[in-house]
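> Please find one structure pasted underneath; my questions will follow.
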There are 2 protein chains.
Amino acid sequence: MGLSDSLRCYGIREGKTGVGIAVMAGRIFAVYTQNRIRAAPVIFNLQNLGKRVKGIIVNSGNANAYTGEEGLRKARRMAEFLAERLNCDLSEIAIASTGVIGRQLDVDKIIRIGEKVLERLGGGEEHINAFARAIMTTDRFPKIAKRRFGGVEILGIAKGAGMIAPNMATMLAFIFTNARCDGMEEIFREAVEGSFNRVIVDGDTSTNDTVFMVASEEVEANPEEFREHLSSLMLELAEMMARDGEGATKVFWVRVSGARSDDDALRVARAVAGSNLVKTAVFGGDPNFGRIIAAIGYSGADVDERITLKLRGESGVAVLVEEGNVVEGSLELAERIMKESRIEVLIDLHRGSGEGYAIGCDLTHDYVELNSKYTT
Amino acid sequence: MGLSDSLRCYGIREGKTGVGIAVMAGRIFAVYTQNRIRAAPVIFNLQNLGKRVKGIIVNSGNANAYTGEEGLRKARRMAEFLAERLNCDLSEIAIASTGVIGRQLDVDKIIRIGEKVLERLGGGEEHINAFARAIMTTDRFPKIAKRRFGGVEILGIAKGAGMIAPNMATMLAFIFTNARCDGMEEIFREAVEGSFNRVIVDGDTSTNDTVFMVASEEVEANPEEFREHLSSLMLELAEMMARDGEGATKVFWVRVSGARSDDDALRVARAVAGSNLVKTAVFGGDPNFGRIIAAIGYSGADVDERITLKLRGESGVAVLVEEGNVVEGSLELAERIMKESRIEVLIDLHRGSGEGYAIGCDLTHDYVELNSKYTT
């Protein structure tokens, strides 16, 4: 009944190419990139994937994006390979890719590695870890999170990195659960919206972004409990992505309240979390509230000067601005908080009851280094 | 009749505080920041400035933004100081500030420096240069451009820097002309839209952004000629700002054609020029077309994969993608172009006849260095 009985996975990396395979029968839920240019694996899934799945195959090192008809054929070959080995229909295979855009996939190599992966599938920690590591690109650490309540288990494996930029970095996440509950589709979509879609700035979608959830539906779950645990698991993975944003040394949450609407709150949160000037200030440990105020101002939200702005960390809470008035004497505490590795920026707009949040990370020398070298 | 007869200016910097004063009688045209949080000098101008002006006073080092009632009083004092010395009405004085946000202005120091500036006003090159230098913040060079046709003269002085980020950097520009022509207001606004508003990404407005144009109206100008010269002068200043973006080593133009509409073309141009991943690739001299394609895809414009993408530089034109097909063999030339200091990215969307452009600069270690240290 547990996931360790129904999920078997593994992953192997050879040079820049990694292949991860997860085998589990269940209903599949998916959210894909909103980028108008969709990678071949996304197009393949949209055209072929049914409601139930038997297996997932993922490669890292090449996004198979912007690769035209040839890319689509190769995406299909990846899926056909796994469908044959699992002796299932092509509609029961989900695929994903991450890596460089605009280069044809070496699908023979992926299949070659895939064969080895299939020989070593298993349900243990080491198997989950191997899968998580195989799908990494510039990630510095594998991203795995778990929840367990009653007999329900949820396992999440993700890759992120590059999310620091308000643009393309591919994020992939794979959720596995033995749960069955009402409204699962909606719960899944809302959890994605409240987690992965909050890691930095709108438009932050690569050609490949994909979140899958496979549910074996063996154990009945209370929908509210399931929602709560799934959301918190996804948020944990999302924060890991921010922390592992390319070159990042710190993660910061922007929590906005008192907005005219939830949309406005989200606009403000994303503008602040996505501002290069705020990100560099966080890197420098500089409580530069002027940059935060400016970002609030250009967010597009309905705001005025009557803003309350606080920083919260392990050192305490520093009130930088109180209803539009700059608070003297809070700078020392603010500087201490800004040196911490997890910072919360609390913004009250005093305009209504709208709330929202976003998760950002700092912009560092390593980001520039990594992205000026990462090659086509 | 020439500008050297009617314009007298100068500027002095003492430590972090610079003061520039320009004295010239004429009609004034203004465009201000679209940021919802407006600096005190902007609010002052909006409330007090009339249609005709006698003088402009600008300070650098402190933006006088987010400084409440006290900031407004100090902005007024700056203006009153100059109005008294020029023996004119307060409505004939325009003011501007640039620098740190959220700190009260040392207006006494500004007036003290202003007194010295007034003693040295003049119409020569050295006076214009001194004004341009006094209003700089992190700018590495003064930004001055001139046009002359028939008896018409146009002089532009600007400060930029920090425009590399899709956010707050203050840009100030001061245009002086002896021209008189029909539709000047509209010509002025359109020229601003086609130049300063094209330097990186939407929302790119600080709390202080201001463009003034003073026209003494002594010489009749042909409106079309005036439009052409004013636009080209502003574009020259805008490109200087991009080139002097904080830490920037390169400037790149993104020219989009074949869009469904001009708005769509502008969306694409701004998404590409504003993408951190494109900016770092430009810094690294890496013709990473995948990042450009991804930015086009998430721009929000109506696009599909049938894109033509070229790079143009002094070395020639490299066709990276032709109607959706990646062109092999163009990489070597593309790499040579990417090493140049001025690069054009040419994008044809093959969807219609919409056109647009934006001007960007690279994202470098120096940007991170500068902005993680620049202090509150």
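Using N, Cα and C of the backbone, Cβ positions are placed for all residues, glycine too.
Those TrEMBL annotations? Automatic predictions, nothing curated.
Annotations per TrEMBL:
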{"type": "BINDING", "residues": "B:T137, B:K159, B:T170, B:E246, B:N371, B:T376", "note": "substrate binding site"}
{"type": "ACT_SITE", "residues": "B:T170", "note": "active site, nucleophile"}
> Near chain A, which of the binding-site residues B:T137, B:K159, B:E246, B:N371 can you find when the cut-off is a Cβ distance under 8 Å?
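Of B:T137, B:K159, B:E246, B:N371, the entries that lie near chain A are B:N371.
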> Run through the Cβ atoms and count how many others sit within 10 Å of the one on B:E246 (substrate binding site).
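Step by step: centre on the Cβ of B:E246 (substrate binding site), count other Cβ atoms within 10 Å, giving 28.
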> Give the three-state DSSP assignment (helix, strand or coil) for B:T137 (substrate binding site).
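DSSP assigns B:T137 (substrate binding site) to coil.
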> Where does B:E246 (substrate binding site) sit in the DSSP three-state scheme?
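Looking at the DSSP assignment, B:E246 (substrate binding site) belongs to neither helix nor strand, so coil.
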> Let me check the 10 A CB neighbour count of B:T137 (substrate binding site). How many other CB atoms are there?
22
> In which DSSP state, out of helix, strand and coil, do we find B:T170 (substrate binding site)?
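Coil, per DSSP.
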> Among all protein chains shown, how many Cβ atoms are found within 10 Å of the Cβ of B:T170 (substrate binding site), not counting that one?
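For B:T170 (substrate binding site), the 10 Å Cβ neighbour count is 28.
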> Neighbour count, 10 Å Cβ-Cβ cut-off, for B:N371 (substrate binding site): what number do you get?
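The answer is 27 other Cβ atoms.
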> For B:K159 (substrate binding site), what residues in its own chain, 6 or more apart in sequence, show a Cβ-Cβ distance under 8 Å?
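Sequence-distant Cβ neighbours: B:S60, B:T98, B:A132, B:I135, B:M136, B:T137, B:D139, B:K143, B:T170, B:M171, B:L172, B:A173.
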